Amino acid sequence: MNAALPVEVLKQHLIDPEICIRCNTCEETCPIDAITHDSNNYVVDPDICNGCMACVPPCPTGSIDNWRLVVRAEAYSLQDQLGWDELPREQPLPEAAAVAQPAADAAVEPPSAAAVAVMPSAAPGASVPPWSAAHPYVNLYTHKTPVTATVVGNYRVTGADTDSDIHHIVLDFGELPFPVLEGQSIGILPPGADAQGRPHHARQYSLASPRDGERAGYNNLSLTVKRVTEDHQGQSAHGVCSNYLCDLAKNDTVQVIGPFGHTFLMPNHPRANLIMICTGTGSAPMRAMTERYRRRIETGENGRLLLFFGARTERELPYFGPLMKLPRDFIDINLALSREAGQPKRYVQDLIRERAAAVRELLADRNTCIYVCGLKGMEVGVLDALREVTMQAGQDWTILHDVLRREGRLHFETY
Ligand code: NAP
C-alpha cells in the first residue's frame, strides 16, 4: 500500500480587507517588500513573506494579523487577495497535509510580541507606546457596524485668502460610547462609490481633541481636514472624503469607524515632556496632546512642551490664532514658515538645529517622548536633524535612536 505523500503547509499571512484602513503602515514597515496594494486592497505576497511579524505591531487596526493554514502550492495569490471584499474562511487541510503540518507550521511560527519589540527595525519610530500610556480602545466600530456621528461644528482654521482650506470639524456621538485617546485616529466612510462601483474605503483622520472631548465632558471629538484639490505632484485632484467633510453642515450625519491606533499615544505619568514636530494638518494630534496638558495646567503635573510646527505662511498654519495665545511658559513654540514673503524658507528640521540645546536637554530626560506627524518627506529631514544635534554633544545617535524606539518614545505618523 502506498502512503500519501505529505504536502507542504504554509501559515499564510493575510490582511483583512474589511478592517484595513489602507493607511500604508504595513507596506512601509515590511523589511522585505512582501506587502503591496492596488486601489482596492493591501495584500501579502506568499512567495516573499517570511512571517517576521515586523508589520504586525504598527498596524493601527489589527487587520494585518490574519493567518490561514493552506497547502503551499494552493496559497492565495496576490490576484486572489486584490479581489477580496472579505477574508475567506479557514479551509480544512487534506489529510496528508495535516500529517506534515506541525513541522511546516513550526518553521513559520511567528516570533512572540516581546521578541518583536526588541528586534532591530528599519522603521524610524517605535512600535510600542510609552510605558505609561493609557489603554486605548480600538475597532469598536467597523465597516459593517459604523457609528453615526452628528456634525456640531465645521469652520475654517486658515486664512480665507489662502489656498490651504483647512477645516476644524467637530463630531458628536450622542449617547453612543466612543472612547478615544490623543494620538488615535478614526475612519470616515464617505458616501457613494468608486469608479468600479464599490463603496468608498474609509479615510483615516487623527483626532485633534483630547480624550475628554473637544468640549470637556462632552461625547464629541474634532478633526483637522485639508480640502484636497491637487495630488502630491501638484496635479488637479478631487479628494473624495476631504471635500465631503469640508462641505458638511451643522446637523449633518457622518458614518464613523474606529477608533484606531495603539502606539502613537502620549505618556500618562507626571512631568512627562513632549517634543512635537509637525507640518500642516499633521498638527491634529499635537493639538490634542497640547489641549490635554492645557486642561490640567493647574495641577502642576505637566512636563515641558516643545513644538516645531511647519506651514507655508502664518495664514496657512492651522490654529495659528489660538496657538499664539497659549502662555509662553506652558509651551515653547517654534514656527517654520516656508513661503512667508520676505523671510528665508524654513523647515521644522532647520528649527530643530537652531534649538539644539533645548532639544538635547529634553532628549537627555527619559521622561521625554517625541511625536512627528505630517508630510512623509519630513521624516528623513527630522531624523537627520535629531542625529546632528545629538552628535554635536558627542552622543551616539544610533544608540539613542534604538533606546527611543524600544521605550516607545519616538513616534511617526506621516503620509
Ligand atoms: P503642506 O501645507 O503641504 O506643508 C506644510 C509645510 O511642510 C510647508 O511649509 C511645506 O513647505 C513643508 N514641507 C514640505 N516638504 C517638507 C520636508 N521634506 N520636510 C519638512 N517640511 C516640509 O502640508 P499639508 O498639505 O497640510 O500636509 C500635511 C500632511 O499631514 C499630509 O500628508 C497629511 O496626509 C498628513 N496628516 C494629516 C492628518 C490629519 O488628521 N489631517 C494626520 C496625520 C498626517 P513647502 O511646501 O513650502 O516646501
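Any Cβ shown, glycine's included, is placed from N, Cα and C.
Unlike curated entries, TrEMBL annotations are predicted automatically.
NADP(+) is bound by SER206, LYS226, THR281, SER338, ARG339, GLY374, LEU375, GLU413 in TrEMBL, and the record lists one more residue there from LYS325, LYS345, which is LYS345. Among SER206, LYS226, THR281, SER338, ARG339, LYS345, GLY374, LEU375, GLU413, the residues given in the record as binding NADP(+), the maximal Cα to Cα distance rounds to 27 Å. Mean per-residue pLDDT, taken over the domain '4Fe-4S ferredoxin-type' (11-40), amounts to 93. The Cβ of THR281 (NADP(+) binding site) has ILE166, THR224, VAL225, LYS226, PRO318, GLY374 as same-chain neighbours under 8 Å, each 6 or more residues away in sequence. Outside the domain '4Fe-4S ferredoxin-type' (11-40) by six or more residues, the chain places 46, 48-52, 54-55, 58-64, 66-70, 75-76, 78, 81-87, 104-105, 108-109, 121-123, 127, 139, 142-144, 187, 194, 196, 198, 201-204, 257, 260, 415 with a CB less than 8 A from a CB of the stretch.
Every protein chain considered, the tally of other Cβ atoms within 10 Å of the Cβ of GLU413 (NADP(+) binding site) stands at 23. The Cβ of GLY374 (NADP(+) binding site) has 26 other Cβ atoms within 10 Å, all protein chains considered.
In the three-state DSSP assignment, the secondary structure recorded for THR281 (NADP(+) binding site) is helix.
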